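Shown next, in structure tokens, is the structure this report addresses.
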Amino acid sequence: MVAPATLRVVRCGGSTLHGARAVFSADSYLLCAAGDFVKMYSVATEETLRVMGGHADLVTGVQLNPHNHMQLYSSSLDGSIKLWDFMDGIPIKTFTVGSKLLALYALASSEDSVFVVIPKSGERDTFQLVSVKLTKAAGQDLEAKELSVVLDGVDASPKRLAFGREGEYVASVKEVNLQVFFFKRKQLNRFSVSAIKTKSGNNHFTCIACHPTEDCIATGHADGKIRLWRNFYHKKDYTFSTLHWHHDTVMDLAFSMEGTSLLSGGVESVLVLWHNESDCQKDFLPRLGSAIEYISMSSDGALCCTLHTDNRITIINSNLRFSKSIQGLIKSTDVKTGLVVDPRTKALVLNGEPGHLQFYCLQSDQQLFSLDIVQRQYIHQAGLNQADLVKVAFSAQGKWLATVEEREEVTDPELQLKLWFFDEETQSFKLNTRINMPHEDHITDMCFREMDELEDDSLILVTAGRDCVFKVWVMVEDTDPEAQQSVSWSCDFVGSYHNYQATNCCFSEDGSLLAVSFEETVTVWDSVTWDLKCTFCHPPGKIRNICFGRLTCSKYLIGATDYGFLCCWNLLSCALEWSAHLNVLVLQPDPLSEHIAAVSWLSKESSLFVFKPNEPRPIYIQRNLCKEKIQLAAFVPRDEPETIGSEKYHWLRRSQLFFLTDTQELMTLSTKSLEERLTPSSKQLAVEESLPVTPFSLLLGKHRRQQSHEDIDLGKLVHNKHKQDSPAVKELLHTPAHVLPSASFLCPIFINSLLISKENKSAEEVADEVEMESEKTEDDSDEERGVTEMEQEDTSAMELLGEMTCKLSKSQEKELRKIRKMDYSWISAF
């Protein structure tokens, strides 16, 4: 029996890509830390090629093995160092250190050891650089307990420690202190800068980089200055020069491979290239989207990449020209729009870069496109009140998009409601209507009526605001002769209830009813006449979320209050059906079933409850879903229903539940194993067809597809043995070349796997049979078809019983057909 699958919480997007400096492989792949995974990207196609998992906590460092450039070291807060064959995504060895590893460095001069930053035992917020000896013993899981302290008092950030020319010294910065340790002489020199604060900030060190060929150290500071240190072999005769362009903190520094230029980045989203360490010779690459967190150079110096605070990776050519951008789930300062699903692309839609709406593909972990809503230049400066996107809603078919943008002002907020129409020709949204100040105060919620969009008259948008009203917006013909569109939107109805603030709104499944919550009261309105039908106000507490039931549960209305109650009202009896004491933060109905997911927050942990409104008892409960606070959730419809063995997980068959934490980690629930989740879809397809993604496999795949079509033309009667999954062929195509046995050993196995059994008919024999069948006359076709069906039924029955029928030769079959066609009517005369 197959063990029932268990439901796992999977981190599927939003993992911090700027937790450690990325590295380029020798063949232009990019490897970087992503949460507790290591991701490998193709620089040419921007595609995610590998997702390597195995660490139990955040990955804090990735470094190429200096003695084998096809291998990669990774460190994690779980206290382990892993050695990977990153081309195959296979962990080779795991070294358990024990302490939390905060940074990782691998040097060519150290053959059997790496350097890591760990907390100093017995002291809080104190860290030290240690050398870890990696044993060469047999086995995959090894202990690495042989540590030697190199430097005390280092910073936990990996960008504040660097190794000098050929590993002769190591330099570390912390606060206003710089210390340099020379390995051969065992000498430690300390330097400091003044801690006097100025208008532009202070002199605190923020990052460090060492020249690859000369004795020169570059340091970045919080006041935007860059200092170049020389002659630091002497404690008193050292010198430094200053470069200054950044108006705020210098986030990272990197020298070119030859050391002729220096790259710097900061919060301005501008990459600065300094030539010959001169303040007068510099070039700029501006508007990179967000603050630059890390800068990495390729080994040949042809490319560099910048990792940004919003999870964007930018690939840049050596001449400072933009090349590629790898964008996963862009992290925003605050996700005010919620998690919304685009009905057309099934993409998650939420806040992206400032003023933009990002469409995020869940399958590829990439951004499909970004829509500029605010259409204003964003200024990266703290304290400025700038317009931002706060609300988003799609119509049922994704034909219309409604957005709300506002500028945070205490006394007089600026609001804009925009309606966007999807243009099929350009495959993008175009602005149709802009409405200034649709409400006198902030808009709290909005929704479309989910009905058939074939008739535009049925399309309605409702907005609720703190100005104590909700407004109904409908499409009207645009009478302006200079207008570029034939329709526009205008207000059709304004509703209120006892001068209470409107907080939430939603339509029933058939669009006949509208529910609007006014603080502690839920009101239900007729969406045709806009008459108030009924109100619900039990138990007390402001309504936090409301939603209607669906399908067989469409007669119920669900609401959650900030007093910690989950209520279900019956719309037919206008009475409370049931209530539960539960602090629900997120209430999300499944659009394809009756199920509703409720996420609660209690005792610093999030829990999931899945229920149907007609049953007060949950059908699924997941305690301690994650330690982070879940802010948003969304059901995304599947392309095809998933086969799930366990009955208690059937609520996930048609839709998949995604949720976003307060740290903007995107998570989901999955019944798949770790290997299935970590294998990219392209690789899974190749494994299923026994074809690796190589030029040879493409040629072989084309040949097999042609062979398949030929078999179909012959009536789908040919089943060649070599079309089945052959272990020999699969082993040959998927085993790495450097571990394969000799060709003389593989050749006989491979040839035997391609041989065809004599029991199976050849294609020529089947073709002859098809020709003979076509020579039959129409008169006896029905009779022969019946006989053929009987023969097939008898044959299948006998085969089931394990018996073998005797097969006639072609000449014997021809003789039998001739006998069947002869006229024996003369026998009746006797």
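One-based numbering along the chain as shown.
Glycine is treated like the rest: Cβ placed from N, Cα and C.
Here TrEMBL flags 52-94, 243-274 as repeat 'WD'. The domain 'WD repeat-containing protein 75 second beta-propeller' annotation in TrEMBL covers 339-664. What TrEMBL lists as region 'Disordered' is 763-799. As annotated by TrEMBL, compositional bias 'Acidic residues' applies to 765-783.
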Same-chain residues at least 6 beyond the ends of the repeat 'WD' (52-94) whose Cβ lies under 8 Å from its Cβ atoms: 16, 19-23, 25-26, 29, 31-40, 100-108, 111, 114, 116, 132, 134, 139-142, 144, 158, 674, 677-678, 736
Model confidence over the repeat 'WD' (243-274) (mean pLDDT, whole number): 93
Counts by DSSP class (helix H/G/I, strand E/B, coil) across the repeat 'WD' (52-94): 0 helix, 29 strand, 14 coil
DSSP residue counts for the repeat 'WD' (243-274), split into helix, strand and coil: 0 helix, 18 strand, 14 coil
